[in-house]
Structures are given as structure tokens and as C-alpha cells.
């Protein structure tokens with residue numbers, strides 16, 4: 001009986017251990033689901049904001065029938081795309097045609113892994129965080145090129161080639177700007193870069209130490225988002241809809257989602273690299289510095305950090321939306337000349353100057 005009791009207790013302990021493993025596995029997945037839910041809500045808010053801002057710029061009435069103030073218009077559009085027929089080109093490369101949008105969306109979603117939204121609120125604090133973002137974001141144009149090539153349409157293929165050329169042209173200045181920030185912060189981690197700007201509050205932002213790099217990063221990130229005046233890959237007057245021409249239904253909705261996800265990622269990285277991230281702007285003041293032992297206050301501090309990060313990101317969103325609805329589209333030669341003959345030398349010179357100052361200060 002004693003042996004039987006020991007065996008039963010052992011079995012119960014193993015069953016409890018397995019239960020704990022299952023619970024831990026579910027808890028590990030919860031932050032990912034929370035992040036995906038937050039991203040979905042943010043995209044819906046950005047779509048609504050763009051429609052309201054564009055309506056204000058053009059002096060017209062924006063969406064107002066779908067829900068209060070038109071808040072449900074984006075949900076209605078998404079539902080419509082989900083219910084539409086998924087038409088496949090008869091002579092296209094169907095596997096590549098189906099994979100292209102997924103590659104573009106996944107590459108953008110993976111970028112959120114290294115973005116610190118608030119204090120101690122980041123999925124992966126990696127030592128090469130900013131380089132991982134650059135490497136991952138360079139995968140998205142491959143999906144666009146696959147989509148254009150597999151459509152068996154000259155307009156789609158030309159749009160895919162334009163997307164690849166535009167990404168290559170502006171990825172290099174973007175990388176040089178990130179390298180300059182990493183030299184100032186002595187780290188490639190996004191969390192370390194934010195904490196390096198926290199010493200002097202508003203005056204410690206990299207915006208003041210890297211004004212030229214900030215402007216180059218701003219222009220390059222807008223070009224990476226492929227929005228006006230840099231929307232050459234999908235110019236309606238020239239290419240119908242570019243690489244999206246043959247797409248319909250949910251696949252077309254994925255490309256629509258990529259545009260706003262890319263804009264959100266760029267806004268958050270501008271905030272993290274140049275605007276101090278989650279740090280409050282007033283120097284030498286921490287409202288919760290005396291209450292670090294209280295877990296509730298710690299959670300409140302994290303929530304306020306997320307709010308500050310998103311507020312700064314929405315400033316960049318407002319600028320990008322305003323630029324889209326006020327400036328005309330550039331020609332392809334102007335776009336390439338801006339990237340290779342103007343932004344690239346300036347970003348390289350900025351990196352060399354930053355390196356020189358860092359060596360002198362040692």
C-alpha cells in the first residue's frame with residue numbers, strides 16, 4: 001500500500017508538471033496575441049485618421065455613415081475584401097502569386113519583435129535589434145517582386161521591379177542613419193538606444209544630435225513605405241495598380257495591410273531612434289521614481305510609456321499623411337537621383353562625422 005501511495009503521488013506530481021508546462025506555454029503565447037490585437041486596432045485607427053485628415057485637407061466630408069464619425073468604415077472595407085472572390089490569373093505562376101502577399105505581411109509583422117513599445121515591454125530585446133529590423137524589412141520587396149512577376153502582366157511586373165529598385169535605393173541611406181545612432185548609443189539594441197536618450201529628457205533625444213540623419217531617415221522611411229510622393233510602384237496613371245493589378249479579395253487586402261503596417265513600423269522606429277521612445281520629455285523628472293517597489297505602479301508606468309511612444313509615433317503618422325495628400329508624385333528618375341545622388345552621400349558623410357566625433361571623445 002505504501003508503494004502504491006508513492007506511485008500515485010509520483011504520477012500526480014508528473015501530471016501537475018505537465019499542467020504547469022501547458023499553462024506556461026499558453027502564457028508565453030499571450031503577449032504575441034496581445035501584440036497582434038494591438039496592431040490590428042492601430043491599423044484600423046490609422047486608416048480612419050488618414051481618411052479624416054485627407055478629407056480635411058481637401059475640404060470635404062470624410063466617412064460618416066459606417067458607425068459614429070465613420071469609425072467602422074475600415075472594418076466594413078476589410079469585411080468586403082474578405083467576402084470578395086479570389087481571382088487567379090489563368091497564365092500566371094499560381095504558387096508565387098499566392099506566396100507573394102504573405103511574404104510581405106510576415107516580414108513587416110516580424111519587425112514588431114524588436115520594437116520597445118514601453119518600459120520593459122518588448123518581445124525580443126536582442127543585441128542586434130536595429131540590424132534585424134533592416135534585414136527583415138528588406139525581405140518585403142522580394143514578396144512584391146514575386147507578386148509582380150507571377151501575375152503575367154506587364155504593368156504588374158514593372159511595378160514589382162520599381163518596388164525592388166526603390167527599396168534598394170533607400171535601404172542604404174536608412175542603414176547609414178541607423179549606424180550613426182548605434183555609434184552614439186554604443187549599442188545595436190533598441191532598448192539600449194532608448195535608454196541612452198533618457199539622461200536629459202527632451203534635450204537628450206537623438207533628434208538634436210543627429211538632425212541631418214533624422215531628415216534622411218524620415219525621407220528614406222517614407223520611400224520605404226511607398227507612399228506619395230514615392231508611390232511609383234503602384235502609380236495609377238502609369239501602371240493601373242502596379243504589382244496589385246491582378247489581385248482581388250483577401251490577397252489584395254494583404255497588400256493594403258502591408259502599406260499601413262509599414263507606415264506604423266516606420267513611425268515607431270522614428271520614435272525609438274530619434275524621439276526618446278517611451279521616455280517622458282521633461283528632464284530629471286520621473287513621476288514613479290519613488291514607487292519602484294509597487295507592482296501596480298510599475299504596470300502603470302509601462303502603460304504610460306506605451307501611451308507616450310504611440311503619441312510620438314502618431315506625430316510622424318500625421319506628417320506622412322499630410323505629405324501624401326499635399327505633394328505630387330515624383331518621376332522614377334527623380335526618385336532614383338534623390339536616393340543615390342543626394343541622400344546616400346549625405347548619410348555617408350553624417351556617419352563619417354559621427355564616427356570622427358566619437359573617436360575624438362574617447
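Placement of Cβ uses the backbone N, Cα and C atoms for every residue, glycine included.
What Swiss-Prot records for 26-48, 97-119, 126-148, 163-185, 254-276, 296-318, 338-360 is transmembrane segment.
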Closest-packing stretch to the transmembrane segment (338-360), where packing means Cβ pairs under 8 Å, from 26-48, 126-148, 163-185, 254-276, 296-318: 163-185
Stretch with greatest number of CB pairs under 8 Å, the transmembrane segment (296-318) reference, 97-119, 126-148, 163-185, 254-276 candidates: 254-276
Closest-packing stretch to the transmembrane segment (254-276), where packing means Cβ pairs under 8 Å, from 26-48, 97-119, 126-148, 163-185: 97-119
Distant-in-sequence neighbours of the transmembrane segment (163-185), which means Cβ under 8 A and at least six residues beyond its ends: 130-131, 134, 137-138, 140-142, 144-145, 148, 192-193, 196-197, 206, 209-210, 213-214, 216-217, 219-221, 223-224, 226, 230, 232-233, 242-243, 273-274, 335-336, 339-340, 343-344, 346-348, 350-351, 354-355, 358
Same-chain residues near the transmembrane segment (126-148), Cβ under 8 Å, at least 6 residues beyond its ends: 96-97, 99-104, 107-108, 110-111, 113-115, 156-161, 163-164, 166-168, 171, 174-175, 178, 181-182, 187-191, 193, 224, 233, 242-244, 247, 255, 258, 262, 265, 269, 273
